[in-house]
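The structure under discussion appears below in the form of structure tokens.
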Amino acid sequence: MALLRLVATECRNVLQRGYSTASVPTTKMFIDGKFVESKTNDWIDLHDPATNEVVTRVPKCTQDEMQTAVESSKKAYKTWRQSSILSRQQVMLKLQHIIRNNMSELAKNITKEQGKTLIDAEGDVLRGLQVVEHCCSITSLQMGETVPNIAKDMDTYSYHLPLGVTAGIAPFNFPAMIPLWMFPVAITCGNTSIIKPSERVPGATMLLMEMLNEAGCPPGVVNVIHGAHDAVNFVCDNPDIRAVSFVGSDQAGKYIYERAGRNGKRVQCNMGAKNHGVIMADANKENTLNQLAGAAFGAAGQRCMALSTAVFVGEARNWIPDLVERARKLKVNAGHLPGTDLGPVISPQSKQRINELVESGAKEGAKIVLDGRNIKVEGFEKGNFVGPTIISDVTPNMKCYTEEIFGPVLVCLSVDTIDEAIELINNNPYGNGTAIFTTNGATARKFVNDIDVGQVGVNVPIPVPLPMFSFTGSRGSFLGDCHFYGKQGIKFYTQTKTVTQLWREGDVSHTKAAVAMPTMK
């Protein structure tokens with residue numbers, strides 16, 4: 001298969017079809033079904049987080065190049081919107097098959113650019129693939145509604161029709177999953193899509209474009225541009241882009257929501273989080289501690305649904321030393337090496353910020369019971385590594401609690417009752433996810449009913465729903481009306497047209513020929 005030839009030498013695992021052949025390869029744009037070299041003079045160096053060696057140079061696309069992508073999308077929309085829903089379904093059926101057969105190539109690229117372990121990178125791809133698989137059900141997902149005989153001889157029905165050109169702005173932490181939340185739903189509904197992947201991790205998106213070509217998607221239906229702030233402004237301001245999807249930080253999400261919304265666009269923004277896990281003393285101790293460690297430190301804590309805050313209720317606070325021992329045993333190393341539990345964080349700046357937030361906890365009176373800030377990884381001394389870190393005796397006014405750390409750091413608070421735990425979580429401005437660990441059904445039911453968070457797990461540490469549901473973060477974690485994927489995702493990418501028609505029964509044409517002599521009455 002052609003795709004297998006797109007992977008560079010094993011020491012680099014760098015995608016070649018999407019890059020030039022320079023000594024330091026450059027990432028190309030994807031315009032009108034082709035990989036195109038940018039003519040910009042402004043480039044961003046992309047570093048391997050495990051070594052800080054330059055992997056590729058990413059262009060800050062020019063205004064003309066980005067406008068070319070829009071023109072390509074506009075042109076493709078004219079025919080794509082008229083394509084049958086069955087033909088769009090066929091593209092998704094082929095795409096999911098191609099992705100599944102090439103998960104390891106995608107995972108290698110993600111590990112090289114983002115740093116997460118290979119097994120975690122495959123999970124990144126799989127969760128995105130599940131959205132593609134759900135899009136294969138578009139023939140039932142995009143159905144409208146009908147009421148016959150709403151009045152005498154009158155029927156009313158509605159269509160769910162595409163919007164036009166849409167755009168997705170993706171983050172660095174899920175290089176495959178988040179773009180796959182965006183463009184498959186958009187184009188299966190009949191839209192065209194422009195994707196701006198994170199300038200830190202564009203490779204997975206470029207691989208997906210190669211796969212999309214192989215699946216038979218027409219040129220221009222999906223285009224890819226690159227850049228930073230100027231590219232975001234272009235997407236928010238361009239009058240031909242009808243809707244914008246974004247996943248990322250609070251600051252960027254609020255900015256995009258306000259700017260794109262001011263320009264009349266439909267916008268959905270998934271933003272920051274402070275996800276709490278509540279540990280009851282009646283929980284299954286071994287299972288709970290294992291799940292806490294995995295959810296807090298997996299992907300080096302760089303998940304929007306990472307369980308970054310533990311709330312120990314009553315005697316459960318005595319479990320913290322056992323949790324520390326489990327976390328201490330996790331292996332920190334380069335993501336491509338066997339046995340690695342967590343790799344590096346994305347950049348030296350991220351590492352510095354994480355370390356500063358940990359230090360702020362100590363200065364404010366918390367205890368660092370496991371300190372991973374000075375970890376050394378043999379052979380990767382220049383990497384952005386932070387080991388599992390646990391801070392206990394944290395209070396809600398501390399900076400390490402109020403800010404999203406986005407690293408392998410678990411902050412631990414203690415309360416006496418479930419009511420105090422619920423109040424603590426509801427007072428936090430974020431509402432992405434939360435979990436409770438208990439064997440008591442009544443306690444779990446109370447928690448589910450009283451908690452004001454969009455996604456709740458009961459003995460499930462990271463309750464991200466499968467795509468037949470929607471990703472329903474709330475409060476400070478989301479801006480918009482319709483959430484990502486699932487039924488709400490279809491609603492976001494479509495507009496409703498309602499038709500009311502009147503055909504009077506008295507106007508029905510005769511169904512048999514009149515053979516009697518005409519009398520001219």
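Quick reminder: no glycine exception, Cβ is built from N, Cα and C everywhere.
Counting every protein chain shown, the number of other Cβ atoms lying within 10 Å of the Cβ of Cys304 (active site, nucleophile) is 25. Taken from Swiss-Prot, the feature active site, nucleophile covers Cys304.
According to Swiss-Prot, the feature NAD(+) binding site maps to Ala170, Phe172, Lys196, Glu199, Arg200, Ser249, Glu404. In sequence order, Ile178, Pro179, Met182, Ile195, Lys196, Pro197, Ser198, Thr205, Val247, Gly248 are the residues near Ala170 (NAD(+) binding site), counting only same-chain partners six or more apart with C-beta under 8 A.
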Could you measure the widest C-alpha to C-alpha distance across Ala170, Phe172, Lys196, Glu199, Arg200, Ser249, Glu404, the residues recorded as binding NAD(+), and give it to a whole number of angstrom?
24
For Lys196 (NAD(+) binding site), which of the three DSSP-derived states applies: helix, strand, or coil?
strand
Let me know how many other Cβ atoms fall within 10 Å of the Cβ of Arg200 (NAD(+) binding site).
20
Drop a 10 Å sphere on every Cβ of the binding-site residues Phe172, Lys196, Glu199, Ser249, Glu404 and tell me which sphere holds the fewest other Cβ atoms.
Ser249
